[in-house]
Structure formats: C-alpha cells, structure tokens
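Engineer: So TrEMBL has the following annotated:
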BINDING   His8, Asp9, Asp122  Zn(2+) 1 binding site
BINDING   Asp9  Zn(2+) 2 binding site
DOMAIN    1-164  domain 'PDEase'
Amino acid sequence: LYLAATIHDVDHPGVNNHFLIAVSDRRALLYNDKSVLENHHCATGFDVLARKGCDFLAGMEKKAYRAVREAVVDMVLATDLAQHFALMTMFKKKVVGGGEFDPEGAREDRTLLMQMLMKCADVSNPTKAAPLYYEWIQRITAEFHAQGDREKALGLPVSPFCNR
C-alpha cells in the first residue's frame, strides 16, 4: 500500500487522461487510451525501482516480487476516476449487499479492499486540517485552470472544472 501510494502520481504532467487522449499524447498512444496516467505512474515508478541503488525489492523471490508488483499496479490503476463507479459497485455488492467478503482469505477481496483504501487516500484532501486543505485546493484549481487554458488555446472543449 505504501509503495502504491508513493508512486500513484509520480511524473504527473498536470493534465488529465482526457486531455492526453485528445491531443494524442505519446502516453495515450502507448497505453491505448486506457488509464493513461495511472499506467504511466506505474511504469515510471517501477522504472525508478529498477535503477541501481533504488530497488529495495531486489532481494525478494520472483514470485513474491510479482505479487507485490501486481498489487501495486492494481491499486494505482484503481485511482483512475473512470473506474470509480465499477469499483464502487463491486465493493458495495461485496460488503453492503451481503455478498461474501473475506479480505484475509480471498486474494480478490484483499485486492478490492486495497484498491478502495488507495482510492480513499487519493481523494482525502477534504479531510485534512483546513490550512493544508486550502493549500491543496488552490494547487488543484490552478492545475485545472492551466489545463483549461491549454484546451482553449488548442481549440478543444474545456473540460469540466477547468474553465476559469
């Protein structure tokens, strides 16, 4: 969970997936317009880990490493807001809807729980102390407006929340 949280926005370009797809950014092409940023964050994070002196997972057995990598990728991909409703529906069905939910015994349920924890952490700014919350809301608003300015300059429709 800590590793996923650490890399979940690494090398973020300050625009959203929709923008990258609209301008045919190389990352959108590379990831076939699917969770573009989230795939990029995973690839970049694991690329950094592969560098000499950075791979604290190097001593793990291959099977354990693959399990960690798969879990991290699953958690980071869950931060794509395009996946929000599908994940919420699955989680509600399992937990609220009386379905069987066993995160200790069932790998699929453990993955779903970790994905939900990651999603909560990703959008947790409103739960922070007021000064920190206000600092981050100003930053995200500036980022959104900068994207809107770029969209306008390119003759693209301005994305929701990005118009000044």
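Cβ atoms are placed via backbone N, Cα and C, with glycine included.
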Engineer: Compute the average pLDDT of the predicted model within the domain 'PDEase' (1-164).
Structural biologist: 95
Engineer: Let me know how many other Cβ atoms fall within 10 Å of the Cβ of Asp9 (Zn(2+) 1 binding site).
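Structural biologist: I get 14 for this one.
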Engineer: Return the residues near His8 (Zn(2+) 1 binding site) by Cβ distance under 8 Å, restricted to its own chain and a separation of at least 6 in sequence.
Structural biologist: Glu38, His41, Met75, Val76, Thr79, Met118, Asp122
Engineer: Excluding His8, Asp9, Asp122 themselves, which residues in that chain have a Cβ inside 8 Å of the centre of the Cβ atoms defining the Zn(2+) 1 site?
Structural biologist: Ala5, His41, Val76, Thr79, Met118, Ala121
Engineer: If you draw a 10 Å sphere around the Cβ of Asp122 (Zn(2+) 1 binding site), how many other Cβ atoms fall inside it, taking every protein chain shown into account?
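Structural biologist: The answer is 18.
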